[in-house]
């Protein structure tokens, strides 16, 4: 039953939001970039399969794991200045796992993980300045949508299968693996160059606020409110914060 749910919910979710982003363009894509499209389903399934305490602690790991996602973005941006997309992707993925290894040496609590993540987001956003570029339409390759669905489904099934062996913290730390960011950044880099890829990944960094709000709600409220209501509130928080960050960023960019 759980396997069927994993194989059904992930392709439906990823396919729907990808097509929505293509259909309605920048506004919808701006919302989507801050949503935990892979980590959210993983967290929900962990709560169903392994119980509320496991999922709540894993949510704390998710917050700390988003630090590694920011490290991935910074590494890709730095490497892309002199390297093509294959080396940039490989180096950034290696940086993600190195960061994850180091973060797992510590025991994380909700507010410490959130505080460090906020500091990392602020510093990273200041380090990476947006590049003014002429408007252009990014044409995704034929494998874009199948690639996203396949990578997300494999990650969800794999992590939720081995989560018990990994434990809640490490499961959470690995969940933010940047499967979508690798695909997005690679073909953006290939088609439009490193500056466009940098702008994209800066959006991922800034959009981490929506991601963080989702897991703050899960970690803080899941033990008391239960699975259904908590994840509804977490989704609402991610959408609200993601929208706020996105429109604030657009307004700032328009007046700069």
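Heads up, the Cβ atoms here are built off N, Cα and C, so glycines get one too.
Feature annotation from TrEMBL assigns transmembrane segment to 30-48, 60-79, 110-128, 200-222, 228-247.
Long-range Cβ contacts of the transmembrane segment (200-222) within its own chain (Cβ-Cβ under 8 Å, at least 6 residues beyond either end) map to 30-31, 33-36, 39-40, 43, 47, 52, 55-57, 59-60, 62-63, 66, 69-70, 73-74, 76-77, 110, 114, 117-118, 121, 124-125, 128, 130, 176, 178, 181, 184-185, 188, 229-231, 233-235, 237-246, 249. With a cut-off of 8 Å between Cβ atoms, the residues of this chain six or more beyond the transmembrane segment (110-128) that come close are 60-61, 63-64, 66-67, 70, 73-74, 77, 198, 201-202, 205-206, 208-209, 212, 216, 219-220.
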